[in-house]
Structure formats: C-alpha cells, structure tokens
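Each remark here refers to the structure printed beneath this line.
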Amino acid sequence: MKVKTRFAPSPTGNLHIGSIRTALYSWLFARHHGGKFVLRIEDTDLSRSKSISINSIINGLKWLGLNWDEGPYFQTERLNRYKEVINFLLEKRDAYICICSPQELEEIRIKQIRKGNKPRYPGTCRNLQIKKRLNKNYVIRFKNPLFGEIEFQDKIRGKIIFNNAELDDLVIQRSNGMPTYNFCVVVDDLDMKITHIIRGEDHINNTPRQINILHSLGGKIPVYAHLSMILDEEGHKISKRKNAINIIDYHKNGFLPEALLNYIIRLGWSYGDKEIFDISEMKELFNLKFISKSPSKINMNKLLWLNKYYINNLSLNYISNLLKNYMKNQNINIKNGPDLESVVKILRSRFNTLKEITESCRYFYEEFDFFNKLAVEKYFTTESVYTLEELYKRMKNLSVWDNYNILTIINNVSKDLTVKTKVVNMVLRISMTGNMYSPSISSIINLIGREKSLSRIKKAINYIKSL
Ligand code: GLU
C-alpha cells in the first residue's frame, strides 16, 4: 500500500503550533514511507473562511519546508463533485431532504434538554421521501444507521467504539446549498486515496459519522491517528481565536525553521530521550507508535534553547544568509561594515534568536548618537580621556591591524597607565558600541577597522571633554 497523508486545515485563523504539528506528523509519516503528502484547504464554511488565513497556511508551510506533492486543493473548487455524491446518496436513499425549520428544531432541542436528554434530530423527515423543491429552504441529511456500533482502531488511542444510537442524522448540505465539513472530508479522503488520517483529537467524535458515510459510499476505512491537544504555558488549550501565535511571527521574531520543527516534533512524540533531530533524522525515525496520548505543554524556554543550538550549529554561511533579511528589515546596510559572517561568528553564542543578533550588531554598520547613560556615569571619567588618548595613539601607529595586536595594545596600556584591564575594556567598549555589553572588545575593534575605530575613540574623547 502506498502511504498517502494529508493536511486539511480550515482557513479560519492563523497557522499555529498545533496545526503545524498535525502537518509535520502527516508530512513526516508520508516521507518516512516514501509516500505522498496532500494539502487541502477546507473552505466550505464561507462565513468563517478568510483569504488571509489561506496565505498564513501556505506561507507558514513553505517557510518550514513542509512541501506537498498534491494541492493545494480547495473544497470550494470541488462543489460539483460533492453535488454528484449527494445525488448518489439521495438516489440510494442513504440521504434525504429535511424541511424542518430552524424554529421547529430549536423547540425540539429545548424540550429535549428540559427532559435531560441529549439534543438530537428526531428524524421527522427521515422516511418522508420529500422531493427537491424550488424556492423552499431545505437541508440534506445523511441517514445514519439507527442501530449497531462503529468501531475503529486509533493508532494512538487503540480501540474506539461508538453506538449508532448516539449519533443523529447529520446535515450534509446546508440550506444555502453548501456541503458540510463531515461530508466533504469523506469524499475528499476517498477521492484523494488518503491512507492515513493524522489530525487533532477534537475530530474523534466526527470519526464514526465519517465512517458511516464512507461505508455508504463503499470506501475503504483509512487508518486514524488522533493527536492529543497542546496546552499553552499556563495549561490552557491553544485555540486559533484566542492565544495561538501565528507561525510566521516566529519567523519575524528570529526563530529558525530547523529549531521550530525540532521543537514541534517533540510536542507529543519522543525517541528515547533524544532531543536534537535534524530533518533527515526526523524522516528516518518518525513513527506513530511513539506518539503520546497525554497533552503536551508549550515550553518557550525549550524553544529558545533549541533556537540557540541551531544558530550555533548550522553553518556560518547559512545563518548569515538568513540574517541578511532581518538586517534589511531593520534598515541596516550591511555594505557599510564588516562581512556578516565574521560578525555572526563572534556574536552567535550570545543570543537566542536572529532578531536579537540583528538588534545587537547595528554598531558594526552605523554610527550611533548616544552613549548609555549609566555607562557614561560610571566609566567616562576625566582619567578615561588619558586612557583613550593613549589607545588612539598606539592604534593609529599599529603596523598590522589584527585581533592579537589590538589585544596587546589594550594590555600594555592597562599596564603602563596602571588602569585595570577591565576598565580599559569597558571604556573602549562604550566608545565603540555606545553600550556596556559586547563580545571581546579587541575582536570588535578588529572588525570595525582602523579608521572607524579611531574616529569613534576621538568622538568619545570629545564627548567626555564636553561633560
Ligand atoms: N478542516 C479540519 C480542521 O481544520 C480538519 C479536518 C480533518 O483533518 O479531518 O480542523
């Protein structure tokens, strides 16, 4: 059997971690088995589907490299096919026209609740064989079997059994003529030859209804795997409309796709205590067996840790190329300073995200107007002028401009003027960056270059004198 999976989001909100996990597991399962992965947009609920959500889905999947072999299919482009199948079911008498008005149904519902019963359609039109009529509102319902059980083997939860007596006759076509989710999903999975359905546990209750429709259409029952939910850090269910972060915002905030995928695969799946998985390992090792039944919880610190790991372990060239876009978005012109790879090399071990790196390397490419106030109060003393003047003189005359020689000058000035090296470093750091935090100052001066470094020292001297 050729494995075929699908990711079938409804475009009613942003693509978030939960939906990406469903997509990732389906994608990995297909890739692991050399199968196919389909993208299908379930957009028949016209009032809730938005094109902005479709963009968020497509862009998010592309950014993460979760490529699809077929699609994107749009359910709204398959309406003729659904009509055809509905007619087939009507002819077969497995579906029927229902003319109960919403008011009637509401009255019945209230009565049932009052009696302490589960509200359900009582089957008023089930055997009336009403013909389609023009100018009259009707829905089409599926004739769910009245008796018996539906049993399926969920790959994560084991055997699940539902009683047909608990299910009512599902609307498969609304009064506006649009087919409904539970119906379209069955027709699509059948037409697209989906073998494995991996999706959120909120669809467990839909599964018996879908299986009944499948039986009626003579389709083969696919393998189901229902994933447990993901909770936010406070333990609340994440939902599209409330607390879910759009996947693209992780991109904007400087996360790497490698880190996010590695983080997401571990939300509910494990392989011993292994934490780091690159894409090829994910494809090789992923299976449905090790998916957990219990909910998983978002852990931002772990994501940051993984992001830092990948920033430090992927090639300098790759990281610098990604960083270029962030620099551009911040209007930092990288032509005005050292080669980005050398900057990444000295900065990357200090930061968790590409955004943080971007924010902290502006001084390599631009002159700055302000010195940090606290830094000035603490270090820009009258004596610091002598230190800076001495550094200026020696750096100006340095024959070979490199890290080692710059470091030697700093150490010698510290010794000769009897000023602590820590203080010399700090005075220089503030002069070069405007701030008190940076990696080794000699490597920074080396990258900034002689001309700019000297001019910044001069600028600091003038500033201190003006205080
Ligand atoms: N469209 C459904 C959703 O976004 C998923 C349907 C399915 O996977 O069967 O929740």
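The backbone N, Cα and C atoms fix where each Cβ goes, and this holds for glycine too.
Because the structure is a prediction, the values reported are computed rather than measured.
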Quick one: which of 112-116, 237-241, 272-276 does TrEMBL have down as motif ''KMSKS' region'?
-> 237-241
For TrEMBL, the entry motif ''HIGH' region' belongs, out of 9-19, 449-459, to 9-19
Provide the three-state DSSP residue tally for the domain 'Aminoacyl-tRNA synthetase class I anticodon-binding' (322-461): helix first, then strand, then coil.
-> 101 helix, 0 strand, 39 coil
Counting each residue once, how many in the motif ''HIGH' region' (9-19) are helix, strand and coil under DSSP?
-> 3 helix, 0 strand, 8 coil
Pop the mean pLDDT for the domain 'Glutamyl/glutaminyl-tRNA synthetase class Ib catalytic' (2-305) in here, whole number is fine.
-> 94
